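What Swiss-Prot records for this protein:
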type    : residues      : note
BINDING : 262, 320, 323 : [4Fe-4S] cluster binding site
């Protein structure tokens, strides 16, 4: 039986109603959730949290008013609001909110990040999140599961983002809408495991989860990724599924590098970048945003902030930063951005005329030194 099947106690294709252990959302999605909730319910019947991470501090009067509306709703219903402490998915992990949970519903498409903890975590639209808040349960169609087996050991310059750009590209012609991705034999650290599950959404997977020993049985397919031979990967505009070896785009001039987001803003990932930049100077605008205040604090304690500042990096407050193109380093017309985020759709980080390439923090940091996309092999 698949891991998802065990968590939901049902077979693929079945429609089930299950109790929700946690519902959370952020300042970007809460206004629509509030609107839907107020049409149907008057009481929150499950454990819930709200995080201000997408556009915080408020850069406009409109956003400030939306923040006020969210605070008022949260006060009425006794929902904790966490402001400016970091990205929702990271904070759910750090605050221990997913402990002993089986099913988590989030008002963000990257809620499956929490599958690295072994839970069934799924992002939903405003109406479904409102229903989960008001009923404390939700209906689900149990997805099929694809087993992804990681074989071998990654070379020192290979990170989880390389694995995921490769996997997403290999799945681009496959219908994944009601499929889950289950990873096994994962040699990466916990920080990097969160990247695997986070990035799986870009394969159009319903959710993702990480298991320990692969038992087989019940899976719709089995995919093996040979880590020993996997090259550094880059996703070209305008899709995470446009993955190529970094050699294919090496030398592409860039205007800005961004290291951070719910994909790659954790301590280990920023540390990898800082080690590369230590004692050097970046040759292009480079922004780093820690995923949480705890990551930021550890960066200070272990000297990463000094290294990055001395290298010419701009350090942003904990949160989503420029990932969604709302503030803190949006892309201008005809600019080329190299980002460690998970999306590079047209207009994602600002101007629809900008081009966004996706890569790992290692590739991004090396590229920042040269002002062009650079193969990290041979540089480390």
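Placement of Cβ uses the backbone N, Cα and C atoms for every residue, glycine included.
Other than 262, 320, 323, the residues of this chain whose Cβ falls within 8 Å of the Cβ centroid of the [4Fe-4S] cluster site are, in sequence order, 53, 54, 87, 260, 261, 263, 265, 289, 319, 321, 324, 341. Long-range Cβ neighbours of residue 262 ([4Fe-4S] cluster binding site) (same chain, at least 6 residues apart, Cβ-Cβ under 8 Å): 87, 88, 89, 90, 110, 113, 198, 291, 320, 323, 342. A coil conformation is recorded for residue 320 ([4Fe-4S] cluster binding site) in the three-state DSSP classification, outside any helix or strand. Within 10 Å of the C-beta atom of residue 320 ([4Fe-4S] cluster binding site) sit 27 other C-beta atoms, taking all shown protein chains into account. The Cβ of residue 323 ([4Fe-4S] cluster binding site) has 25 other Cβ atoms within 10 Å, all protein chains considered.
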